[in-house]
Amino acid sequence: MARDTEDRAAGTHKAERRQRGRSKKKPKETRTVRVHTGHEHNPNRHYANNRIKTTKYTVLSFLPKNLFEQFHRFANVYFVFIALLNFVPVVNAFQPELALAPVVFILSVTAIKDLWEDYRRHRSDTEINHMDCLVYTERRYVERFWKEVQVGDFIRLRCNEILPADVLLLSSSDPDRLCHLETATLDGETNLKQRQVVRSFFDLDCEFDPLKFNGIIECEKPNNDLNRFRGYILHRSGSRDALYKDNLLLRGCTVRNTEEAVGIVIYAGHETKAMLNNNGPRYKRSKLERQMNVHVFWCVVILLLMCLFAAIGHGLWVFQYGDKRPVFDVLSPEGAELSPVVAAVYLFLTLIIVFQVLIPISLFVSIEIVKVCQVFFIHQDQDLYDEDSDSRLQCRALNITEDLGQTQYVFSDKTGTLTENKMVFRRCTVAGVEYSHDANARRLALYQEVDSEEEEVPPPGGSLRRDSSSSQQSSRVVLRSLSTKTHRRTGSRADAKRASILSKHTAFSSPMEKDVTPDPQLLDKVNECGGQMDFMRFHGQPVSQLPSDLADIMDFFMALTVCNTVVVSSPNQPRQKVRMRLESKSPVKTIEDFIKRFTPSRLTSGSSSSSSSSLATSRSSNRGCSGLLSSPSAESTLAKLQEEQAALGSAPPRYDGTPRSPEDGELRYEAESPDEAALVYAARAYKCSLVGRLPDQVTVELPHLGKLSFELLHTLGFDSTRKRMSVVVRHPLTDQITVYTKGADSVIMDLIKPPDTETSKGRRQKKLVLRTQNYLNLYAADGLRTLCIAKKVLSKEQYACWLQRHLEAETAIQGREELLFDSALRLETNLQLLGATGIEDRLQDGVPETIASLRQAGLQIWVLTGDKQETAVNVAYACKLLDPEEEILTLNADSHEACALLLEESLHYIQTKFLCSSSDQAAKAFLPNFAPFEVYPPSSSSPHSAAFTVHRLGLVIDGRTLAYALDQSLEDRFLAVARSCRSVLCCRSTPLQKSTVVKLVRNKLKVMTLAIGDGANDVSMIQVADVGVGISGQEGMQAVMASDFALPRFRYLQKLLLVHGHWSYSRLANMILFFFYKNAMFVALVFWYQFYCGFSGSAMIDQWYLIFFNLMFSAFPQLVTGTLDKDVSAETLQQLPQLYMSGQNSEEYKPYMFWMNMIDAFYQSLVCFFIPYFAYADSDVDVFTWGTPITTLALLTILVHLGIETRTWTWMNCLSISFSVSLFFTVSLCYNASCPSCFSPSNPYWSMQRLLQDPLFYLLCVLTPVAALLPRYFYRACQGTLFPSPVQVGRQLDKLPSETRRNILNLGGVEAGSAVRPVPHFLSLGTPSPEGPDENHQRTEELEFLPLVSWNVFIHIPQPLLCISEMEFRVCVF
Amino acid sequence: MMASSYNAKEEDGHHSGASNNGGAGVVKSKKPDNTAFKQQRLPAWQPILTAGTVLPAFFVIGLIFIPIGIGLYVTSNNIKEYEIDYTGADINDACYNCAKNFSWNSTTPCLCSVPFTLEQPFESNVFMYYGLSNFYQNHRRYVKSRDDSQLNGDRSALKNPSKECEPYRTSEGKPIAPCGAIANSLFNDTLELYHIDSNGTRNAIPLVKKGIAWWTDKHVKFRNPGGNSNLTVAFQDTSKPVNWRKPVFDLDPSDPENNGFINEDFIVWMRTAALPTFRKLYRIIQKKPSTTPTLPSGKYVLEITYNYPVRSFDGRKRMILSTISWMGGKNPFLGIAYITVGSICFFLGVVLLIIHHKYDTRNNSADIPS
């Protein structure tokens, strides 16, 4: 790798030189960083400095830029267009300045909001910019603000300091020349990352002096790839030093475990990788909003029709006078007479202005306000707060809250989402013998017990546990005396929480995971084995003579300990970091290196080469372990070893059986994945503890043997295609080059060396494999995650051979990934199976309940997991996703054809099994107890589109089959099968497949999808789904970063969807409908007037009222209602999840409701217009004295209408309504008294005052709202009685006294749970084309069918409870 | 857009880091406050609209509205009103000739008289209106065609009227005062009322022209430029509206306080009517101090100076005599409307009662637990 980089670097350098020779203008492909020590001015000043500015605007650019952004929204352009139209004299309707007011208002509200946000960003920028760091200037390090840091500056970093910029690490106080970083702010991973000092500065023992640094750094241009950094230092001597990502410290990370480090700034400010990775939140448009936009469009159509109608009317009106010009038909300002046609055209434009209110200008703003409020309330919900992690729900997308109430399909990840992702070592099998770890199982059971009891009475200090299990107690004593027992004994979750606060930087290490109770049998064997090895070592016997089963056990634990990427640290005491360094050398990088290392001469040559010497150097501790052990003379080795150990100050030697010093318990394992840590902890329970890990060396402490250092030759990291990882080490005892491989059983089993059945050993081996496989199946059946451990011993020649090709691969320029992959494949063959482990991933609290209630809510739940089929199925059973009583269709196919066939068969099976046997029967079979159950036989109404009910069927499909099924030709059939199953489980699916499945379901079935996951592998799925939910769990932050909502735990999904989703949807739906109604009603008043003013575009409503009616007088109450209204209480919503279906079926906002609202609006406006019309007919009332009561009446009617639609009255509602009314009167009184000669043409001086003296006005105020709202009120009352919606029934339940309600819900909940599943209509099999006439067909049928999604709750109340013996809440929609 | 306000923290990776650095001490819990507002547990009233709950409202509304309606109807019926159409559209009408020949350009006034009989005496103050039909005083351009500043006595507006007055802004190079189409089309018929005694003599009925306009209009909104002294000088260099015969300062020769912009007939006209058929107060016949009715029953003659042409828009002109009550002029509509709405409510209440009894029993019983 090094060579390659250097080559490339050299190449670019050459290229650059050439470039420089020709012209300087060409864009450089690299960045050159020169040193800046503060004397002269910075040679790198043309690079961005470290001042960050995330604000969008400056003082000057705010107005133009903000306006430009706002005009991207079509509505704004429309309103500005209308306002500008007002400036054309022939068509103007209002005072032009006044007409601008609403647009300006809306624009300025948004602008102020943007400004405020920008200000907040500015403040946080300033805060960050003014953080301190040490910068080298004038021969010393001086405190400087972050913003003053420039590229080329030397920076001194102290422990726990945050990096101000991307820094190239040049020196570290760490003897290994490492710097530990916590990258949680970048990727959310809590384990520490190691960064290395640039190679040429490696051997600097004295303090790094920036003045002596004389190189020039050439590196890549800034980019956002966190895992990539290439470059080199060009020293003055001409030598070059390659730079890798391991040398770069990224901005935003925190320095840990390292006392001091010095680096040079490479990228600063906005060019840092962290800043380049900052993308803003994304915007989705909710389903409701899409629906709304259609209706906004219809409003435009209605507007145009009204204008057209009035324009024609005006044309005719002008035409009827012919040449006789009436005095009131005023000529145009130019004195010209308008022909009827021209007059009509002008009028059309005028009316567009007058009627503009119909398009609700404030709707968009109001929706945003309401959504922000909703988000606020969701944020504030205590039920969504997780005490353990001190985290609450985060809404990252603000504009799709209502989508939560309309979700139909939930796609869930398994690990970390349904389960805790706390990997707990449960069982293992070594060399074909199973060790069941019963005590361990009991221990785990206890955690649960303690957890559950803790809520009631916290048991004092774990006494409960001690009492409850004596056998465990004994084993615990053993454990404590032996090794790893730590101070944490009460392992309840609260403790875990406390512990995790204490050790904030430690990932995956709750006591539950740490304290593994060893199986006594296995422990004995390990002890025996250790003892034997110790014995053998003392007697100079080769270790290979160990009995093979014992050797296997040893190897097994060795593999557990070594074959991982776990880092050991003790974060509280960085200085006492356990270091057992051999020497400063990294994994074998070149053939020469290899030859050098593996020639025996080296051992004798003593301290000749830098790589093998340095026994004397202060920082090497018990180095030489491997080297010496590999020498022929074991005794001398041992002597030396002991010598060294004695010499070790910081890490005193340990002997078997001695209790550990307290700080040893502080050893922390930081792993990238939790199961790695679990395995290391398990090994530690058997006293095989990992005590140190360095890039080239792993130190292990073994029973009887003390500390052994494995020389780490290679690490072949885990990847999802290989599904395994390997390490190549040199075994210190046998000096063999050993490959330890750990991976999924499916792959490892295929790589096992086929046993030679001739020899007994081979037979044994075969038996071992078979038995292990057997146990693996058992583990999987228990829902454990299984891993196989294997090893392989390489001869030096084999290794050399492999190494050669591997190095070739590493240095290849093209296709390196593939070559490395092939190289790994070559190594990982002919393995020898050692054993297998079973790790338990416990279900999160409340998962089964949540799934059950979500399912009752009509949500289809699919689980997409990367786990193996057996494990997944078992977890699915455990979380009640699959029901033991229901049938399971398992699809495993090896080929496309087979898959097609399987799908065909399944479909056929479903049809014959469930459809032919008459849906009535089927339904009744499910509900034998419910006689009055009403069935809507779907087949009778439309025999062809045979309705696919959701049967009690589970579908399990594996990744390979899924790949075939997702093929274009099969996807429809797959969907047909999947859709008719109650639950779907996709195992072994890749991240891409996950997102493909979600996309397929979303696009083909036209449903609302929600994806929930916690890991990086769920990101694509989360992004594809309509609503993405991230679990802020243990696997980093990627999922959360990609999500719209982030939850601390899965079970909160229930309240989020059932309560907040439902509320948000219902509130918003009602508010939008109300908006349309309100605007139509108000505008129609003016429209009716056109019939009485010669269609001249005149308005009887003062233009001030007309323009501010929406913005001021009627805006507030609906915002309050839109924010606070609750149709059903949270309690009932959670107990009757069926209520959620109203959102799924969009029952609160259906197209017909829009039209009904429009019709109602027109009716109400007719009433509001004609009652005053007749009341003032043929009187001396003037235009605006007549218009003012109409405005008042409209306002009152609208408010009362809102009152009827408001389901929950709090003081806020009452206040807002009275505020609106009083605001109207106050404003109009002030306005009408303000200026006697202003406000042409209405000039309403003293109108309101006179009006208030007129009894007629009050009579109208009483009569009109009553008359206008009579139909709606009556309809609501009838509907509430005759055909209440489920939601209304829920509200009636709310009304009942809490005791009665609890009884009803408890009874009803049970029965409702087993009640009918929703019966979504299913498109016919052969023609699932979503376009063309089929769509209409399908749509109409969906309309027919979806309402039939009926749910019946039959509630039987015990006799004494109610006056009547049986109470029935029967609900049928429609 | 709004999203960023909440995401600002997460977006910017340094934030959490900064807090780590600074305050390692107290771990502040993120637990939300447990307040009724934040937890959405505000005490609330949750009405449920069902037949049973709504029913009383309907009956109550019905029971309140019907009596009000009856009261209003009776009040309206007690108002006396008499109306004469004197347009002269029909050949038999007294004013037919006037109407036929008259146009805005005519110079000589045309006189006609319409006799009528009042069957019933009119008590208390009688209001005399003129009514116009088909006259769209609410036409958009017509309504706008005025200059309120000018009418308010603003001198600069007098000399330079608002553009809204076009094309009635200037005439013969001089600004028109009062400008605009409304003023230009001022109603200028003169109506006089004579009572004919039993012995045939005509007694002119005194018509009061003060107090017909809104007090605020007369005293605040309309003002003459430079006060009321010497209007001729004040209106120097202005031109009268095209259709007018007399300049604005000469509208009422009999009363100097009623001239210029504060002429009450003019003010009344300037308050543009809401609907194309309207009436405007013309004169008030004061109640006599004696017990005799203001207008005893008997024969009357309406003398009209016919100046105002309405044929061009098929308009009608009327003279209306009316008494008023506390609720204004005669209008039975409101009473009828109250009675109707009240009855409907009552009827719907009955319907709901039936529905309630038939279908609502379950819920009702559910309400009575014990």
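Quick reminder: no glycine exception, Cβ is built from N, Cα and C everywhere.
Database features, via TrEMBL:
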REGION    A:1-46  region 'Disordered'
COMPBIAS  A:1-14  compositional bias 'Basic and acidic residues'
COMPBIAS  A:15-28  compositional bias 'Basic residues'
COMPBIAS  A:29-43  compositional bias 'Basic and acidic residues'
DOMAIN    A:39-97  domain 'P-type ATPase N-terminal'
TRANSMEM  A:74-92  transmembrane segment
TRANSMEM  A:294-318  transmembrane segment
TRANSMEM  A:338-359  transmembrane segment
BINDING   A:Asp413, A:Lys414, A:Thr415, A:Glu676, A:Phe718, A:Lys742, A:Arg785, A:Thr865, A:Gly866, A:Asp867, A:Arg988, A:Lys994, A:Asn1017, A:Asp1018  ATP binding site
REGION    A:450-499  region 'Disordered'
COMPBIAS  A:469-483  compositional bias 'Low complexity'
REGION    A:601-631  region 'Disordered'
COMPBIAS  A:601-621  compositional bias 'Low complexity'
COMPBIAS  A:622-631  compositional bias 'Polar residues'
REGION    A:644-671  region 'Disordered'
COMPBIAS  A:661-671  compositional bias 'Basic and acidic residues'
TRANSMEM  A:1072-1092  transmembrane segment
TRANSMEM  A:1104-1124  transmembrane segment
TRANSMEM  A:1154-1177  transmembrane segment
TRANSMEM  A:1183-1202  transmembrane segment
TRANSMEM  A:1214-1234  transmembrane segment
TRANSMEM  A:1256-1275  transmembrane segment
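Structural mapping of features recorded in TrEMBL.
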residue: A:Asp413; record: ATP binding site; Cβ neighbours (10 Å): 31
residue: A:Thr415; record: ATP binding site; Cβ neighbours (10 Å): 28
residue: A:Phe718; record: ATP binding site; Cβ neighbours (10 Å): 17
residue: A:Arg785; record: ATP binding site; Cβ neighbours (10 Å): 23
residue: A:Gly866; record: ATP binding site; Cβ neighbours (10 Å): 23
residue: A:Arg988; record: ATP binding site; Cβ neighbours (10 Å): 23
residue: A:Asn1017; record: ATP binding site; Cβ neighbours (10 Å): 23
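Ranking A:74-92, A:1072-1092, A:1104-1124, A:1183-1202 by CB pairs under 8 A with the transmembrane segment (A:1214-1234) puts A:1104-1124 at the top. A:Phe718 (ATP binding site) falls within a strand segment according to DSSP.
Residues 288, 292, 295, 299, 302-303, 306, 310, 313, 351, 354-355, 357-360, 362-363, 366-367, 1098-1101, 1106, 1109-1110, 1114, 1118, 1121, 1149, 1153-1154, 1157-1158, 1160-1162, 1164-1166, 1168-1170, 1173, 1190, 1194, 1197-1198, 1201-1202, 1205 of the same chain sit 6 or more residues outside the transmembrane segment (A:1072-1092) yet have a Cβ under 8 Å from a Cβ within it.
Against the transmembrane segment (A:1154-1177), stretch A:1183-1202 shows more Cβ pairs under 8 Å than any other of A:294-318, A:338-359, A:1104-1124, A:1183-1202. Secondary structure by DSSP for the domain 'P-type ATPase N-terminal' (A:39-97): 23 helix, 0 strand, 36 coil. The stretch from A:294-318, A:1104-1124, A:1183-1202 with the most CB pairs below 8 A to the transmembrane segment (A:338-359) is A:294-318. Same-chain residues lying 6+ beyond the ends of the transmembrane segment (A:294-318) with a Cβ under 8 Å from its Cβ atoms: 75, 329, 338-341, 343-345, 347-348, 351-352, 355-356, 358-360, 363, 1072, 1076, 1079-1080, 1083, 1087, 1090-1091, 1094-1097, 1151, 1154, 1158. Our reading of the ATP binding annotation (A:Asp413, A:Lys414, A:Thr415, A:Glu676, A:Phe718, A:Lys742, A:Arg785, A:Thr865, A:Gly866, A:Asp867, A:Arg988, A:Lys994, A:Asn1017, A:Asp1018) yields a largest Cα to Cα distance of 25 angstrom.
Mean predicted confidence for the domain 'P-type ATPase N-terminal' (A:39-97): the pLDDT average there is 81. In this structure, A:Arg785 (ATP binding site) is part of a beta strand by DSSP. Under the three-state DSSP scheme, A:Asn1017 (ATP binding site) falls in the helix class. A coil conformation is recorded for A:Arg988 (ATP binding site) in the three-state DSSP classification, outside any helix or strand.
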